[in-house]
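Structure first, then comments.
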Amino acid sequence: MALFVWAPQAERGVEISYSSGVEDWARAALHPLTQEDIDSAPPALARTLGRGSGWWVFPHDLEPGTRYSYSLDGGMNLPDPRSRYQPEGAHGPSQIVDVESFKFSDFPGIDPLGKVFYELHIGTFTPAGTFDSAAEKLPYLRSLGVDVVEVMPIQPVPGKRNWGYDGVDLYAVTANYGGPAAFARFVEAAHQAGLGVCLDVVYNHFGADGNYLAQFGPYFTEAHHTPWGAAINFDGEECQAVRQFFVDNALQWVRDYRVDVLRLDAVHAIIDDSERHILAEISDAVAQFAEQSGRRIGLVAESDLNDPAMVSPTSEGGYGMDMQWTDDVHHALHVATTDETFAYYHDFSLPGALEKAMRHVFAHDGNYSSFRKKNWGKPVSDAIDSGRFLVYTENHDQVGNRAIGDRRGAMHSLGALAAADALATLSPFSYMIFQGQEWASSSPFQFFTDHDEELGALVDEGRAHEFEDWDWMSIYGTDVSVPSPQAETTFAASHLDWSESESEEHAYYLQITRELLRLRRESQDFASSDRVDSEVMRLGPAGYYRRGGSFVAFNLDDEAPATVTLPRADLALALAWNSELEINQIPARGAEEPPLGIEVHFPGPGFAVFLPASA
C-alpha cells in the first residue's frame, strides 16, 4: 500500500526506511503531494489529503508485515503518526497492517441507549492480559446480562503496563495485548456472543513518552493549556489537518475494526474555539459513515460539564454525542453509601442530592458547587431520553483515582453495596458495571505505569503529592501509603481474582447482580426510560425508590437496622438481598378498607424490590 504522511515541519524532505524482515533496510525519498495523487486516491483519503498543506507521498506498495519509519530533513527515524502497529513499542518502527484480511460477520451494530455496559481493562481482566484470553470471557458477560463490553484504551504505551491513557500512537493497537489482528478477533468474538464493543479513545492529550507528533507538524498549540501541557491544535493555524487526524481515527475504529461505540475520554479537556467544535465534526462524520454502512454506531462522551448540549444533535447546536457518563449519580450514591464528604463529594452530602440526581440527572444543574467555587451545570429537559446518561457505582476512575485504588467493599458491607447497585441498575438510565463489580470483587484497581527510571520517579512523586491533602484518617481510620505506580506489584494487585467469584458471599452477590439485570430487562417499570414518574424518598441512609408502580426499598447503613414504609400495599416481593427481612402490611383504620401500605424492616443493609401484585 502507498503511504502518506503529513509533515509540514519538513523543509528539505522526508525519507522512509523499510524492511520486510528478510532483507536489509532500504531507504527512499517521499515526494510532495500532487493533485494527481489526490485525484487517484479513494474518496475518503482524498478528503483527508485536501485538508492542509505539507503532505508527502511514498507511492510504492509495501507488503503487510513490512516495518518502516520516517526521517525528516535527515533527522532521527520516527514512527508513522498514523501507524497501525508498533510491534517494538512506541519508540520503534511502524508496521504495515492489512486490515482487509480481518474476518467479520454481518453484525448490525447496537443502539447504546438504555443498554448495560461492562468496562474492562484488557491487561488486568484475565491472568494472561490479552485480547484472546478476554474473548474467552465474553459468553459469560452475555449470560450475565451485559449488552456492550467497553474496553479501556488499547494504543501503545510506554513499557508493558498502563491504564492506556498515556498512549501516543492513536491508530495503533498495542502489542502488549496481542496487536491488531487479536483485537479484530476480540471484536468478532463479542459480536458472535451478541455483544456490542465500545472502545475508549483519548482525544484530549497524548502521553509524554514516545510522542513525536510535534516533529511532524503543529499538532499542539500554546494558545490553550490542559493538565497535560500544551493543548491539541484544534483551532489554530494549520488545524484542519489536525482535526482530520482525529476524525479519521474515529472512522478507522468503526470501519476497519467494526467497533460499535466509541467512548471519548474527558471531552471537557478538549479545547476548541472553532465555530464548529471538533466533537460535532466527529459526530457528523461517524453518523454519515453509519448511514452509508447500514450499521448503528454510537458515541459516548465522558464529560463533567453537566451540559445537556453534549447529547443534543449537532443540527440544534449540540455536540452530537449519543450518551455521556454521569458522575453526579455516582457521587450521590457513593456519599449515601460511604459518608465520604471530602473534595468534590462534599456537595453530594447536602440534603436532596441523591433525590435530585436520580430524578433530574445532574445534581449540579446551575447551582453553586463548593468544589468548583462557582455555579455549575445546566438543567436537563425531561424530553431528553434517560438512556442518554450512563450511570455506575464503580468505574476505572472512581476506583483507580482513590489513593490505594480500593473498591467500596474494602470498607463497607456487601449489603450496602448491593443496595446502591440496585438503585443504579433499576434506574431509567443506561448502566455500566466495572470489571469484577458483579461479584463485589475485592481486587483493587490501582494506578500503574511502566515508564523509564527518570519519568517513573516523577510519576511516583506526582502520585503521592496528588493525595497529600486527603483526610485518610476519616476514610480508613489510619494513614495509608500510596502504592508506587511503577512497581510491578501495583499492576499485579489490580488483576481480577476470578476464583473469588465462586466463594459463598461473592457467588451470592453475582446471583443478585444477574437477577437485578433480569428485572431491568423484563419488568415493565424498570425497563422503561421514564424518569418523570419516579422519586426517591429517604430518611438518612434508608428509604425507597419508586419507578411507576414498582419500588426498591433500601438501607445503605452498614450496621443499623431500618424500617421503610411503602405507600401502597398491592405489591409482590420480586428480589431481596437479605432473607431476614420482615414485611408487614399497614392495616387501614376501617376493617373493610384495604391496607394502607407495606412496612419493610431491614435488620441490616440491603434492598428489596417490589412489583405491582398484578404484574
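Cβ from N, Cα, C; glycine included.
Taken from TrEMBL, the feature domain 'Glycosyl hydrolase family 13 catalytic' applies to 95-463.
Taken from TrEMBL, the feature substrate binding site applies to 263-268, 327-331, 396-401. Its Cβ placed at the centre, R263 (substrate binding site) has 28 other Cβ atoms within 10 Å.
According to TrEMBL, the active site, proton donor annotation covers E302. In three-state terms derived from DSSP, E302 (active site, proton donor) belongs to neither a helical nor a strand segment and is classed as coil. A simple way to gauge crowding: the CB of E302 (active site, proton donor) has 22 other CB atoms within 10 angstroms, across all the protein chains here.
In this view, D397 (substrate binding site) is surrounded by 20 other Cβ atoms within 10 Å of its Cβ, with every protein chain counted. Mapped onto three states, the DSSP output places D397 (substrate binding site) in helix. The site 'Transition state stabilizer' feature in TrEMBL is assigned to D397.
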- Note on the structure: The correct three-state DSSP answer for A266 (substrate binding site) is coil
- Query: Taking the Cβ of G400 (substrate binding site) as reference, which residues of that chain separated by at least 6 in sequence fall under 8 Å from it?
  - Reply: W163, F445, Q446, F447
- Neighbouring CB atoms within 10 angstroms of the CB of H330 (substrate binding site), all protein chains considered, total 22
- Task: Report, as a single number, how many Cβ atoms besides its own are within 10 Å of the Cβ of D327 (substrate binding site).
- Result: 24
- When a 10 Å sphere is centred on the Cβ of A266 (substrate binding site), how many other Cβ atoms does it contain? 19
- Would you identify the secondary structure of D327 (substrate binding site) according to DSSP, in three states? helix
